[in-house]
């Protein structure tokens, strides 16, 4: 089935004009969306708790309130707190102050799909999901571009939620790149699967396994890092620009033959079955239950895994290699202050 792509020229922003937008959260997506919307001429306020994000939003010139106060003023409320915090923020601050006929938005459908947030039937519920991290979203917008977004509708009592969602997506710059329709279930399932099986989980395991294979065979960790990790961006850029065809065209014949011959030895039927198992856990809610149980237990397993990865040879080698390339830090100029502080030591 062909999915229609919407661009700036296709979208009327009138449904969003004269509406006050409250963005709840000022992390990567909240920061990017709030700033992009304001630069597009929309009326944006922030709903935040006291802390670094509150101070950062104030410094950036926003009117900042508690989530409850911002919700009470707003026509559109965009939930941009982390997935694991949204249900509590919703229950304590947003739901009691949300007016009938308001528009409740999400950038990820986790809490709706798994039943953690259940808005009343008189609330319009929509999703606007940018397909990229917040700092890239902001950078592209400032430089005159945008990143694609998905939009969808879960509840539509006023009958115009899709138009409001598309106008919002245009406001954050996605109409410059393309806006596609989705559903909450589709976005949530595909997003979680992509992160876990390919983009983050699959890719990091592949990179580290390749790195360790070379090091265990006696090769230099620094050179192993270059071959299995540093060059990854260049290959992905080629795929991003023109698919596998461009990547293969720009690589040598030796590379192309070896890739086609030996790639299937790495991604085997067993690997594919693992992907199907991951997908099933996402679809039936198993992963969501595990993640919420982990969060509610204090993130003990996650913190343990974080510590193990940070102290590993791959990460330590990466720090040495990245120190040779100080220009990499230029990518951080559109990150939030909290992001920059958190990751500066990892350069």
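Each residue, glycine too, has its Cβ placed from N, Cα and C.
When the candidates 134, 144, 145 are compared with the NADP(+) site entry in Swiss-Prot, which names 26, 27, 28, 29, 49, 53, 83, 84, 85, 86, the shared residue is 134. Between the CA atoms of residue 231 (Mg(2+) 2 binding site) and residue 252 (substrate binding site) there is a gap of 15 Å, rounded to the nearest whole number. Using CA atoms as reference points, the binding-site residues 28, 83, 85, 134 were checked against residue 191 (Mg(2+) 1 binding site), and the closest is 83. Taking 108, 195, 227, 252 as the recorded positions under consideration, the smallest Cα distance to residue 134 (NADP(+) binding site) is found for 108. Only 108, from the recorded positions 108, 195, 227, 252, place their Cα within 10 Å of the Cα belonging to residue 83 (NADP(+) binding site). Residue 26 (NADP(+) binding site) sits 22 Å from residue 195 (Mg(2+) 1 binding site), taking the Cα positions as reference.
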